[in-house]
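Heads up: the structure comes next, in structure tokens.
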Ligand SMILES: Cc1cc2nc3c(=O)[nH]c(=O)nc-3n(C[C@H](O)[C@H](O)[C@H](O)COP(=O)(O)OP(=O)(O)OC[C@H]3O[C@@H](n4cnc5c(N)ncnc54)[C@H](O)[C@@H]3O)c2cc1C
């Protein structure tokens, strides 16, 4: 009889139990039975497939397993928590080093958490296509139940459907339930008659009629042993085969050995791959993955009742070196903390603070609850709208004739790798400068360099760079900016990223396209000294405060004194801020007048650009002329594009 040695009464090292009192009974154990007494056919062998829920607490799917059938669950014989390293993610998505690193750290951390509960346990890491992995595991480990947290994004749905069909054929029960969001996006869409929720108000109104958000689910106090875990023939199939282009090839500096075998190196089977095994050089970020760090940050935030209760996103500072918001997004993305833990943790803190006479409580949308609701709103939109991550075929995305749009062949397939746009050399140059953080606008450059280095920037910094690239000045398609964020953000999310890019480019969710962030005046609002610029653009560190966001306006003597000549040690601005802003607004006006979305026939058949060109011309290109005239007037007054701020200061 194989007995679980998971009888430890030691509570898992997860804080917050004092702040969150779940509605449920005390944490349960996944009790294991003695195999010897069981007939083979009565054995319950469970796989818990961890995906973006890399924690032990607040796992609704695990809770569903525990509550499913007390008698049946008492019989669990073997339990394997697994992670599948899917080649689809390793090759098909452009993922930066910082996100890989965060993921590997989070998996390692979870594996240790399992070991703390049962020294025979760990996170069993397998390397290959999930479908092939499950086919093998069901057979070799005699699996009877597979449990996972449901995902509603497009790729996961297709992948999971195949596994569900396979399991049905083999008589394996699948237990799955949503858990990544406050509400199941599919349920919200159903309640909204199949339509996406396009405003926070709409989302709130639909969900107010649904049952309250679940309380956090407790972690198990113990878990059973795994069964015999040898896997035969693990070199037999090409587990990691991937037919498409390896989009991460140029980042690799070493040989990628991840998929040499299903179980990893023979001397350390089922181990977490290293950056080296993936062929990657080390990451640069100082943001580290895992539940320990995630709960530390959560606890820190919840320990400050005033901060939680008066949290106001628009009033937080994008310019500060220490994050002025929670920096919980990477931990939420990978599920190192549960979304219900954050929600109810904040609720409890705010309630206490209110009772104690706290004043100045903020409301939705700017408070913390509003932030989490925005996340859900985008998830509902992504789940309901085909082609959410691009313009073509996207029913909510306004068509704007951006430069550097995705190109499609006559069958509607995107042309990849993307050809350089010879006709729009200027846009290509602007895009490269934006990506490298070499636009000559220190605020934009500091944000982009921080993003690349750390894998995270403040929300309003994301606003600034996205607005600049699209409707603010560069007039470049949001699809291109989104791709850079896809690659570099640790917290990349398939709904929040495209959703926010559409918002910032005034393509959907938001329509005040004429409100543009000033490249100097905006960062000045929260930091006149430019400390973020000094850190990420060290070549500018000696400039006086007055010129830190506009060094090209500094007299040569000051440039020399600051050890940085603009045009030599740091670029001149790549464009004229005011002129381009006016041009962008005028062109957007035409697109808004035409009012075609990405699924309009004229967009699909490629005629829309001609129509917009005509509109621009019918307006006699007056917009452009007007912008030029305005510029001349500004020059005549002796004002450069960025002078307003300086003048205001002098007054
Ligand atoms: C162009 C652009 C792209 C973005 N891409 C992503 C992305 O890929 N992944 C992502 O998680 N967020 C994205 N955001 C939203 C937002 O910027 C980040 O969630 C936030 O900055 C993360 O920092 P934080 O955890 O300190 O946030 P906090 O302000 O502390 O908020 C707490 C949590 O609320 C959620 N949240 C807050 N604001 C938003 C929002 N506008 N949309 C969705 N969720 C929100 C996040 O989960 C965040 O962690 C994007 C914003 C912009 C403007």
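For all residues, glycine too, the Cβ spot is worked out from N, Cα and C.
Listed in TrEMBL:
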| type | residues | note |
| --- | --- | --- |
| REGION | 1-36 | region 'Disordered' |
| COMPBIAS | 26-35 | compositional bias 'Polar residues' |
| DOMAIN | 44-182 | domain 'Photolyase/cryptochrome alpha/beta' |
| BINDING | 325-329, 371-378, 491-493 | FAD binding site |
| SITE | 402 | site 'Electron transfer via tryptophanyl radical' |
| SITE | 478 | site 'Electron transfer via tryptophanyl radical' |
| SITE | 501 | site 'Electron transfer via tryptophanyl radical' |
| REGION | 618-642 | region 'Disordered' |
| COMPBIAS | 625-642 | compositional bias 'Basic and acidic residues' |
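Checked against residue 327 (FAD binding site), the recorded sites 402, 478, 501 differ in C-alpha distance, with 501 being the nearest. The Cβ of residue 402 (site 'Electron transfer via tryptophanyl radical') lies under 8 Å from the Cβ of 470, 475, 476, 477, 478, 505, each of these being in the same chain and 6 or more residues away along the sequence. Cα-Cα distance from residue 329 (FAD binding site) to residue 501 (site 'Electron transfer via tryptophanyl radical'): 17 Å (rounded to the nearest whole number). Proximity of residue 372 (FAD binding site) to non-local residues of its own chain (separation of 6 or more, Cβ distance below 8 Å) is seen for 182, 339, 342, 343, given in sequence order. For residue 378 (FAD binding site), the number of other Cβ atoms no farther than 10 Å from its own Cβ, over all displayed protein chains, is 27. Neighbour density for residue 374 (FAD binding site): within 10 A of its CB lie 21 other CB atoms from the protein chains shown. Separation of the C-alpha atoms of residue 374 (FAD binding site) and residue 501 (site 'Electron transfer via tryptophanyl radical'): 14 Å, rounded to the nearest whole number. With respect to their backbone Cα atoms, residue 325 (FAD binding site) and residue 501 (site 'Electron transfer via tryptophanyl radical') stand 20 Å from each other. Long-range Cβ proximity for residue 376 (FAD binding site), meaning a same-chain Cβ under 8 A and a gap of 6 or more residues, is found for 181, 182, 183, 185, 188, 203, 207. Looking at residue 492 (FAD binding site) and residue 501 (site 'Electron transfer via tryptophanyl radical'), their Cα atoms lie 12 Å from each other. Between residue 501 (site 'Electron transfer via tryptophanyl radical') and residue 378 (FAD binding site), the C-alpha separation comes to 11 Å.
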